[in-house]
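What follows is a set of notes on a single structure, which appears directly below.
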Amino acid sequence: MKMERKNVWQHRNREEIESFSKEYMDFMGRAKTERLAVREIRKFLEKEGFVPIEDFAGDPMDMAVYAVNRGKAIAAFRVVDDLKKGLNLVVAHIDSPRLDFKPNPLVEDEQIALFKTHYYGGIKKYHWFNIPLEIHGVLFRGDGEEIEIHVGDKPEDPVFTIPDLLPHLDKEDAKISEKFKGENLMLIAGTIPLSGEEKEAVKMNVLKILNEMYGISEEDFVSGEIEVVPAFPPREVGIDRSLIGAYGQDDRICAYTALRAFLEANPKKSIGVVFLDKEEIGSDGNTGAKARFYLRVLRQILKIQGGPEIQNSHSMRYWKKSAVISGDVCAAVNPPYKDVHDLHNAPRSGYGVALVKYTGARGKYSTNDAHAEFVARVRQVLNERNVIWQVATLGKVDQGGGGTYAKFFAERGADVYDMGPALLGMHSPFEISSKADLFETYRAYRALLEDL
């Protein structure tokens, strides 16, 4: 009668967990930005025979198609029946907290060249000082040519860093928000002056090096997107190697497990995965959830199937026949800080995929609150498939709050449930997940894609 927690390690084959974890870590080492994540996901899809939807020319009741939105979001669908009967969907976001170059980033101060940044998403600013950093992104030159920038991800590359103030001179008892200011998040770019230059000679030398490497000028930064991320690979954590430490596990751990579940599923009805951008800053913009680019893809599928192309997304009745799993992480109980949790409703590392009925803040503001009927369906499928799960909430009532994509998909009329692994150190440069929870999340997503 009593609900008891189960430790995944005591119920699963360790070799399976380790094999899956290694492949996941390889993916995470390559997918450190949303653009790079889309590139990796696309490789997985094309390897399994998926084609861009505009190139599809086969059986409309047997489709394996995908679509990319501006290189920052991607959706894929396996259609096995009339789409108007509905589909099962897992969604996740592939953006993560980071630093972005400002539009005019390069300055010189005290004979040190620096790149100015603006932080993206909810970070603790002090996390980003005194660690090795790498940069990735694109620039468009004045002639329109696209230039990819990648520095710091190879062993032979230099890295960047943001130096902090030494403790000997940092005796003031100031607030953290005052000690670590956003304007001080500047990367060291160089210290060697360009011979013959009298003014900003170090900055000029950095520009000279960039021009030699990429053929770019300072003005080209205006039409660029350069992202700053930690310059260390995913690592196993703990003497028993049971955990994974990596940047960007919120939320690329859900993206990877959803992708694997999607590609390996044997569905009875049409299924899909949607990986979107901008979740960490409110889901705005035309690559975020509010833009609903996936609906345009679904309309194309309906048109290919011979039905009327529905112009008004609100009239998509099939959406009400669909089930959506919002794949996102939650906060695992961290022993030194467990007082922020309601421990009776908090997830633990190693105890399976976490089911989150609602997020939001205060009085459940700005959330999707999954209906009991849908929760019952999900629970039944997970239990029938022997998936180990646990319940989760985002801390004590009024402790704080947060949100996911769930509410945006619920607005279309589908039932939606938040679900994913619990992390330690979420939104830090080195988030911690359990290998066991990683594997169990994959098993949960696959079960729900197949049987909901």
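The backbone N, Cα and C atoms fix where each Cβ goes, glycine too.
Per Swiss-Prot, Zn(2+) binding site is recorded for HIS93, HIS168, HIS427, and the stated evidence type is sequence analysis.
Once Cβ contacts within 10 Å are tallied over all protein chains shown, the binding-site residues HIS93, HIS168, HIS427 are led by HIS93.
Classification of HIS93 (Zn(2+) binding site) by DSSP places it within a strand. DSSP assigns HIS427 (Zn(2+) binding site) to coil, not to a helix or a strand.
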